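What TrEMBL records for 1-21 is signal peptide. The domain 'GH16' annotation in TrEMBL covers 1-215. What TrEMBL records for E101 is active site, nucleophile. Under the heading active site, proton donor, TrEMBL lists E105. The N-linked glycosylation site annotation in TrEMBL covers N109.
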Amino acid sequence: MACALMVALVFGLCCVGGARATGRIDEGLEVMWGDGRGSVSPDGQVMALSLDHTSGSGWRSKNTYLFARVDLQIKLVANNSAGTVTTCYFMSEGEWDIHDEVDLEFLGNVTGQPYTLHTNVFANGTGGKEQQFHLWFDPTTDFHTYSIVWTSQHILVLVDGTPIREMKNHADKGIAYPSSQRMRLYGSLWNADDWATQGGRVKTDWSQAPFVVRYRNFTAADAASSSSPAGYDQEMDATAQQAMKWARDNYMVYDYCADGKRFPQGFPPECSMP
């Protein structure tokens with residue numbers, strides 16, 4: 001944990017370039033769907049999404065980005081969250097067949113069992129780059145910061161400032177990478193009990209509804225902006241690399257690059273690239 005805490009100080013827990021979120025959350029995010037199931041607290045600091053047997057709900061960022069860092073604090077659905085999925089993801093708005101996407105999906109579980117953070121990256125319409133993690137804390141008792149850093153060099157996912165996943169840009173070697181389409185940030189809470197919890201074996205308990213997830217302290221910095229912080233494109237130093245290794249060694253529960261049954265003829269080429 002000491003390693004993770006040190007790197008959290010380097011990358012920042014809930015800020016971009018040292019600047020913390022200010023103002024109302026709905027200055028940057030807007031409820032997009034849900035027929036009244038998404039709301040903002042009277043002080044403007046927290047956006048809540050709810051899910052019942054009729055519908056979930058979702059939001060989107062008011063801006064689009066071409067390379068950006070976003071930080072968002074989330075307090076996940078407590079108690080029996082089986083069947084529910086909470087999301088925070090970048091997605092382009094053009095043709096679906098060539099869309100780009102960077103996914104963070106929090107798969108609910110029965111009371112006492114851990115959430116799974118499911119990550120994936122799509123480029124030019126192709127995904128299949130799943131990595132999944134458990135978390136080293138209970139994400140339902142307090143807010144925690146989840147970050148996506150998307151630059152021309154790499155995509156980095158951080159949890160409370162600790163990097164857990166890096167996907168480098170290997171476009172020069174023929175590996176598709178999101179680099180030409182602006183993307184918008186989205187969030188949602190929805191029912192996916194056909195697959196989300198233990199492969200769909202555990203269904204949503206609607207007696208627990210409404211399920212509620214809360215978001216706060218949204219910040220975003222567009223890399224194309226002159227106001228982007230210095231060091232935006234910096235590579236991870238040795239301390240950050242060590243922290244990511246700690247997270248992956250202890251909390252990664254699935255890696256497509258280690259799934260021999262899925263790829264019996266050999267792993268995708270990026271799996272062997274440094």
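Every residue gets a Cβ built from N, Cα and C, even glycine.
These figures come from a predicted structure and were not determined experimentally.
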List the Cα distance (Å, whole number) between N109 (N-linked glycosylation site) and E101 (active site, nucleophile).
25
Cβ-Cβ distance under 8 Å to E105 (active site, proton donor), same chain, at least six residues away:
V85, T86, T87, Y89, L117, H118, T119, N120
Of all the recorded positions here, E101, N109, which one's CB has the most other CB atoms within 10 A?
N109
